[in-house]
Ligand SMILES: CC(=O)SCCNC(=O)CCNC(=O)[C@H](O)C(C)(C)COP(=O)(O)OP(=O)(O)OC[C@H]1O[C@@H](n2cnc3c(N)ncnc32)[C@H](O)[C@@H]1OP(=O)(O)O
């Protein structure tokens, strides 16, 4: 059961990533090992009943990127990473190492297997040139120790249509625009280009690959991923260019002879404000629907303020931190983003894993572009790699972290000054789980 394709630092060339000290070996799996790996993943996520998704895993398999811990021939831990583009403030993208499918069998927990898999993967990611690593944390207290910090939030709304007639009058419109339902095949054809334009407007957004579109549109069915064909509608401007899309499901609920349906928005993409208004107006006007649930929207999305009664929107119950970021290449990451104001801040970063450790100066020019370099100048702020990750996309602020005792101000006023630099006009947001 060998695999020889890892190729990252620490790889002695025979597929063994880390000899470790115990009998359990950490290594990349071969393509023909996806079936037992998938079974271990299901067990780790407490899904013993799920049928094998080996065909799907085979499509995800890349040399060196699906790791396992192997004890006496059994897979007792799983870990996967893949490359993806992450949009940063200002609209540039950085190469990100996305981590997912992390499990350690209940029989082998708390013996350091996650730590060993994480160290091997982050070393490989840095060697491949990833500026950051990203993941969605199952529990808050797992990943801070590896330098990850909560960098985006999910923020959803429940909108009670008995309390609002929908959007305010006088909002922007798209002259000549139209909305049409789309088949799943049309979504596969037209969705990727729309999303590729949209994601560059949203810091925190990730690229969606072909497999993402195939899975979301039902071309590929994944065991354990309960897919039912949703409603999908596209917005086109007067020239016929697709400028937005909404994907939703409806539960067909009736109170006796009265319709009482809930429409749940699954995906919402709009390239401009008039398109967003047109799509929201459409969503709020579907007959029989009494409640609209938007499970995940940008934290500063203006949606509630578009309603004639914003109080009809109440926060979705599961609002929480969503995507976590771990900075691997501080200079590349901070050079790529733009900033809120010119100035300079010196950060002293503590990083147990070493990738971001040291003293860094971020210098911002009047045009909002920045340059990040190592420095020996006195530091303004002290923080851990985890807090650096939380701040990177602008989803968290220095004054808030300082108030929470998570960033230390070494020079009076430094937190407020750094806030002006790092501030972003649009809150970071990523709608996609992975
Ligand atoms: C990106 C994703 O895929 S998120 C999904 C993560 N997976 C899950 O939640 C599935 C269920 N949980 C598990 O499979 C395991 O508990 C894991 C993967 C979270 C942890 O694996 P383990 O091998 O037990 O972790 P490991 O022994 O390497 O622990 C490393 C450190 O993290 C701590 N830790 C691990 N898991 C947790 C947790 N859930 N909560 C708090 N601390 C934790 C350990 O105490 C240890 O601390 P230390 O460094 O101070 O000694």
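Backbone N, Cα and C define each Cβ position, glycine as well.
Taken verbatim from TrEMBL:
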| type | residues | note |
| --- | --- | --- |
| ACT_SITE | 143 | active site, proton donor |
| ACT_SITE | 434 | active site, proton acceptor |
| BINDING | 102, 103, 104, 110, 111, 112, 113, 114, 115 | acetyl-CoA binding site |
| DOMAIN | 24-174 | domain 'N-acetyltransferase' |
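What TrEMBL annotates, mapped onto the structure for a quick look.
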| residue | record | DSSP (3 states) |
| --- | --- | --- |
| 102 | acetyl-CoA binding site | strand |
| 111 | acetyl-CoA binding site | coil |
| 143 | active site, proton donor | coil |
| 434 | active site, proton acceptor | coil |
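Here the CA atom of the residue listed as 'active site, proton acceptor' lies 20 Å from the CA atom of residue 115 (acetyl-CoA binding site). Among the listed binding-site residues, namely 111, 115, the Cβ with the most fellow Cβ atoms inside 10 Å is that of 111.
Excluding the listed site residues 102, 103, 104, 110, 111, 112, 113, 114, 115, the same chain places 69, 77, 108, 109, 116, 117 with Cβ atoms within 8 Å of the centre of the acetyl-CoA site Cβ atoms.
Residue 102 (acetyl-CoA binding site) sits 11 Å from residue 143 (active site, proton donor), counting Cα to Cα.
When each of the active-site residues 143, 434 is scored by how many other Cβ atoms sit within 10 Å of its Cβ, 434 comes out lowest. Sequence-distant neighbours of residue 104 (acetyl-CoA binding site) (same chain, six or more apart, CB under 8 Å from its CB) are 44, 69, 76, 77, 113, 114, listed in sequence order. For ligand 1, the nearby recorded positions are 102, 104, 113; that is, of 102, 104, 113, 434, these have a C-beta under 6 Å from one of its atoms. Counted over all residue pairs in 102, 103, 104, 110, 111, 112, 113, 114, 115, the record's binders of acetyl-CoA, the longest Cα to Cα distance measures 15 angstrom.
For residue 113 (acetyl-CoA binding site), the Cβ neighbour count at a 10 Å cut-off comes to 25, with all displayed protein chains included. The number of other Cβ atoms within 10 Å of the Cβ belonging to residue 102 (acetyl-CoA binding site), over all protein chains shown, comes to 23.
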